[in-house]
There are 2 protein chains.
Amino acid sequence: MAVGYQGLPELMPVAGVRLATVKAGIKKPDRRDLVLFELAPDTQCAAVFTQNRFCAAPVQVAKQHLSVGRPGYLLINTGYANAGTGERGLADAIACCTAVAEVAGCEPERVLPFSTGVIGEPLPVERIKAAVPALLAELSDTGWAAAAEGIMTTDTVPKAASRTLELGGQRVTLTGVSKGAGMIRPNMATMLSFVATDAAVAPELLDSALREAVAVSFNRITVDGDTSTNDALLLLATGRSGASVIDAENSDYRRFVAALTDICIELAQAIVRDGEGATKFIAVKVEGAETVAEAEQVAFTVAESPLVKTALFAADPNWGRILAAIGRAGVDDLAVERVRLYLDDLLIADKGGRVADYDESAAAERMAKEELTIGIRLERGSAEATVWTCDFSYDYVRINADYRT
Amino acid sequence: MAVGYQGLPELMPVAGVRLATVKAGIKKPDRRDLVLFELAPDTQCAAVFTQNRFCAAPVQVAKQHLSVGRPGYLLINTGYANAGTGERGLADAIACCTAVAEVAGCEPERVLPFSTGVIGEPLPVERIKAAVPALLAELSDTGWAAAAEGIMTTDTVPKAASRTLELGGQRVTLTGVSKGAGMIRPNMATMLSFVATDAAVAPELLDSALREAVAVSFNRITVDGDTSTNDALLLLATGRSGASVIDAENSDYRRFVAALTDICIELAQAIVRDGEGATKFIAVKVEGAETVAEAEQVAFTVAESPLVKTALFAADPNWGRILAAIGRAGVDDLAVERVRLYLDDLLIADKGGRVADYDESAAAERMAKEELTIGIRLERGSAEATVWTCDFSYDYVRINADYRT
């Protein structure tokens, strides 16, 4: 069960978005595995996708369709990722879009496909096509929780969040879902995540808002350092709230970005809390770096060290492994005698070694907590970054050794 | 037990080198944990050390002593790494050198200290000092196997190798020992390894020979991607074989480098075969890269992917994870449709997906082997690199979660 999971929060409908989730029998019988989003006409869409060179067929098709015009439908299947599937994979992704377009009565280019699951095996297109009429028949504006379940793979819990804010006297809603537990080290994107709002935002500002939010949310998480072939994050703005269009970087834009960043952090953290085998949720906060990139580099090196992650699993204050990870993070002129290391509020190491009054039992108490901040102060500048990660347990090995069986 | 381990090979003495290994009670009672090398006068020494910024106190002291003159003694303890120990760590390392120097009757600067074990806890200097007289009394030229055992930490087997070659009609010997099983991703060095030869080699050529050999041996292995704070590799040339001095890059030099590279590869591979929790020994061979650096980058990304390593543990031919790792390896203009992926001799994927006649059972048979080569052809150029690694098992988590208890 995900660390700190309290059940799904209340998910507010977003005017202009309807959803449906059905059982298509894609990989496992009797589970809801196919999701459709229907978007009101003129919905603006901003998107970021994986930087993996082996990007999946649906990612390629979605990018191409986005270049043609505004999407009317998003079709998402779990079970198979349709990645590493060559030419056939592209044809399969397009066939799924065409199946939706035929029933919905729109152009295939208005449908964006998304897939998640096993890499390298072909998509069961016929089963997906057969389920499309039922999908369109079940569309409703209250389908968010079911959609959050429908896109899960090795996730143990669904992930979704909602926010509201006032813009020009109108209440605006943001609601989003995300999935992902392994192959998590997003690079300019994440595993699958879809966030919708009824705010009206000019296209270029919607895009910059998404990039601002992603930089400090989905691009700051790691489970295993493996960037997926299928990462995609979509931000959909239907404009149906009645609030006026945000068309300048004014205070409304800043407040919208703040709310979007907030929901993206919650959705991204939910992925880490449900990281494969996770028993702990860890923030690695690096301060006093010369640049944000340097702070991120140190934080990710610590967050991805298998030795640090297994020590966290064991609740063993083996902080020497954290120092070793900082030392190999590529900061060539690091003055190690100035580095300070904290577990939550407890100063553990400075001047190149443990503090004079080091107390192993106090350190062990911090390490035993289910949620912990590893604080690292480099004393080189004023830049900082926080990366969220989880520990490395027997269950990580079990889940990934058994994944396809 | 290490993958493919056949017991220690015959270890030939090296004229000019004597060794001793005793029980000093450093961390565990009743184990041989302290090793001394005695080197004949005028022995040349070439060395490479960790690039980790938190480099251990003994590494700092050894570098400083090497800058002063030729070493006469190497003192190696297991149990504690004397890293992350600040100013006290430096004083402790020097105190150990002084203890040897006093009994041996030499300058402290002629003693090089090496430590391996837990990071961050202080060295029990008094126990080490107390054992020094016994060490000096036990020196013998047949002490190689005992030394290989004396430097172990989480190693399950000792690691050592010997080679001989003829140089100018004289038989020359190379014998070396190494240790290491976790925190293995050497960067210009390795965990502890000591190789000695009775060849006579001019200092600058000994240094270049070592760097050539390391680049394709110790710098091509990874267990967990974590670069240690204590990595050190020493090459000691006593010149006692009677062969004439190698003082130019002639055919004798090339043959010496070839033999040195060969022994370094065997010692480096021995570390991977005994990688923490390893059940498989894997070569990741990347061909057709634009540069060697590019080939290494792709090979290390695959070799360090937790998802690839757990699939190898499960003997699951989940080759999509290998493609995903190749795709995130940072080769921005990679033409994925040209990449070919092999398991040993078996072509698995090309043209962006699995081959037309893909046979899951044949792939599973390759994945089940105890030793396997993952072949990756990028078709971009003619550079290649092979990286050796192991799989990721439950025992890796167990060993590292329990390490200090």
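Backbone N, Cα and C atoms are what each Cβ position is placed from, and that goes for glycine too.
TrEMBL entries are annotated by machine, without manual review.
Taken from TrEMBL, the feature substrate binding site applies to A:Thr153, A:Lys179, A:Thr190, A:Glu276, A:Asn400, A:Thr405. The active site, nucleophile annotation in TrEMBL covers A:Thr190.
For the binding-site residues given as A:Thr153, A:Lys179, the lowest number of other CB atoms within 10 Å of the residue's CB is seen at A:Thr153. In sequence order, the binding-site residues from A:Thr153, A:Lys179, A:Glu276, A:Asn400 that place a Cβ under 8 angstroms from a chain B Cβ are A:Asn400. Take the CB of A:Asn400 (substrate binding site) and look out to 10 A: across all protein chains shown you find 28 other CB atoms. Counting only residues at least six positions away in the same chain, the Cβ atoms of A:Thr154, A:Ala181, A:Gly182, A:Val223, A:Asp224, A:Asp395, A:Tyr396, A:Ile399, A:Asn400 sit under 8 Å from the Cβ of A:Glu276 (substrate binding site).
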